[in-house]
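One structure is given here, and the rest of the page talks about it.
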Amino acid sequence: MEGPPLSPAPADNVTLNVSCGRPATLFDWADHRLISLLALAFLNLMVVAGNLLVVMAVFVHSKLRTVTNLFIVSLACADLLVGMLVLPFSATLEVLDVWLYGDVWCSVWLAVDVWMCTSSILNLCAISLDRYLAVSQPISYPSLMSTRRAKQLIAAVWVLSFVICFPPLVGWNDRPGTLIGSRGSSACRLTCELTNERGYVIYSALGSFFLPSTVMLFFYGRIYRTAVSTTRAIAQGFRTTKEDEEGRLTLRIHRGRSVTQRAEQAAAGGARAHGQVRLTLSEPGARRQNKPSFVVHCREDSRAKNQYEIYTVVEGDSRPGRRVPQPQRPAKKLSSASQSSEDDSRPPRFISRVSRRNVRHQARRFRMETKAAKTVGIIVGLFILCWLPFFVCYLVRGFCADCVPPLLFSVFFWLGYCNSAVNPCVYALCSRDFRFAFSSILCKCVCRRGAMERRFRRTLLVGNRSQTEEDCEVAD
């Protein structure tokens, strides 16, 4: 069904001829309609401009090209498509209270609406998984969530979102069309609404919101537990590194003041840095005097970057103060010590690998990952806050069509759309990198516009001078 033509209208109202008994008066230009139109147009502009700025920031600034920001770009693309393909038609329908674009585009528009909103929340699920891996497994995170796997996960998100929005296009709906009323009546009008078919309402509500929200809350619960335990471990100075049925292995780190001072002096003077770190391995149930304990002396060679000369002083050895030299090797993460002694109570003879990064660096990295998780947590919380009222009403309306007032449903409907404009604001407030990228892009645009205006004015000025000189020559 093609969009019906608009007929000439008086100044105070608009009419639409839909081949009914007589033209139906749709609305008059009341103040509240004009205010609604301006507000919805401003919201649409915010959605498009904000999310376009996010995409540009990630692609322009190399510092923002991280795995996590791939999911952020995917989320911004979904919100950007909402602003470009959904909101203009939603605003028209909201203000005019009539659908002007035909039955085919009505079906496509509804499907795109569900597709983009579903992809937004599934992208948030992927982001919560990414943050959980980054906080809980920081060492193996780069291999677990590589760029290739992130792109595969993003593709799966968009395909699954399309699976949820596709059924109404092939007939799983109860929508008879865009025409309400009979053509012989003077009250008939065109509309485009979501289906109330109970089966699809349950299917789409669970797949688009409730199940993904449960998954996100689960991951953020685990992130919170991991953050609390890691913060406590940093404060107490030990960390459980292995746990099984036989027991757990605890690594205690004693870092003296002299180690840091010597390292800083060596870094400033370019000399060799000598450091000492005491490590204690303990198991539950073992007596205190049997704890394996040893001291690692690290000497950094300034001539060979990232190289350590390692000596291990074994406490409790029959030859006190014995040094076991180890060859120089690139600094790597701390691994379990080799133990070749027949007695389990004897300390390890050497450490196979010693990390160059100290506890302070690990704590700083953990704080960065936790801050990123907090930012994404705010985004998830705002998403649930904006969309939960709508999906509750949407689910209730599938069982009782008259139980939800149209005005309330419309308010919650647009509250969900507001979420697409909120995310860029969260990035600007919570992320220094995004804030810097936004400001630099906007400054470039403003400066470029100013340069173009100055060039245009200069061209006009030169042209006016030339014209004046020609006029003077003619007069002479």
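Any Cβ shown, glycine's included, is placed from N, Cα and C.
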Swiss-Prot annotation, disulfide partner of Cys192 among Cys106, Cys117, Cys125: Cys106
Same membrane side per Swiss-Prot: Val67 vs Gly398: no
Stretch carrying region 'Disordered' according to Swiss-Prot (options 238-265, 266-293): 266-293
Rounded inter-Cα distance in Å - Ser208 (site 'Implicated in ligand binding'), Asp113 (site 'Implicated in ligand binding'): 11
Long-range neighbours of the transmembrane segment (153-172), counting only residues six or more past its ends (CB under 8 A): 70-71, 74, 107-108, 110-112, 114-116, 118-119, 122-123, 125-126, 129, 195, 197, 199-200, 203-204, 207-208
For the topological domain 'Extracellular' (397-406), residues assigned helix / strand / coil by DSSP: 4 helix, 0 strand, 6 coil
Cβ-Cβ distance under 8 Å to Asp113 (site 'Implicated in ligand binding'), same chain, at least six residues away: Val82, Val86, Ser90
Cβ-based contact of the transmembrane segment (376-396) with the transmembrane segment (104-127), 3 or more pairs under 8 Å: yes
Interface-richest range of 70-93, 104-127, 407-430 toward the transmembrane segment (201-221), CB pairs under 8 Å: 104-127
Cβ-Cβ neighbours of Ser208 (site 'Implicated in ligand binding') (radius 10 Å): 24
